[in-house]
């Protein structure tokens, strides 16, 4: 595996017990280190199965040609714990991840399991809570937090154990638009500051448009893998499998039809509005 790849799947299939049809069927892909990759597809397409395979929560169907490589480690029954140290998952419902009586206790849980000395543990907990803007809540009870605050704490708990890869498994789907945008901004900044690899499992097409790369799944196979501009410039491809294109991409396509070219660097609605205002002011 190239040093530039954080995750690589080679000829990976997976079939759940008591079912005949594989949920993943001979898939191959690579995810670049330090990048943000979004996995999109309808329910049952295999997105969450990929996240569990990447973390070693599941092992692929037995096949001599099948291989999963994570942070340079080939995943198997002997290396699964090494792989899990490299990958952290933030799930859809943060309540299912909380184990501590306070925010600080919860973030410290993974460090306690690794035998980190108390003074070092306190330093790490304070640092990661500061990273996600939750240090003021260190003594708060998780049950009293908002959904967005709970997800920030869940992210801090993952950051504390310093993984190479963070998987967001539908982790913004239960948040309101403001909470979702705040979480995505935090993740993007952490990715840059700490050179993390982010894998986003999402139904939210607008969230996927913010990624560096997009993998489109359909019925256990990879339909396409490319940058978001390329993927979302083919609306018919997504519509065939019941997906839409992001609102911003819809507007950009309409502008293109009228002869207005929008820079490829523009991904968000705010950036598009700012560009159009600048364009209008030049007239």
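Every residue, even glycine, has its Cβ placed from backbone N, Cα and C.
Copied from Swiss-Prot, the annotated features are:
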DOMAIN    7-244  domain 'ABC transporter'
BINDING   41, 42, 43, 44, 45, 46, 47, 48  ATP binding site
Binding-site residues considered: 45, 48; fewest surrounding Cβ atoms within 10 Å belongs to 48
Hey, for the ATP site built from 41, 42, 43, 44, 45, 46, 47, 48, who else sits with CB inside 8 A of the CB center?
-> 49, 217
Within the domain 'ABC transporter' (7-244) only, compute the mean pLDDT.
-> 90
C-beta crowding around residue 41 (ATP binding site), within 10 angstroms = 25
Site of maximum Cβ density within 10 Å, from binding-site residues 44, 46 = 46
If you count other Cβ atoms within 10 Å of each one's Cβ, which of the binding-site residues 42, 47 has the most?
-> 47
Let me know how many other Cβ atoms fall within 10 Å of the Cβ of residue 43 (ATP binding site).
-> 8
What three-state secondary structure does DSSP assign to residue 48 (ATP binding site)?
-> helix
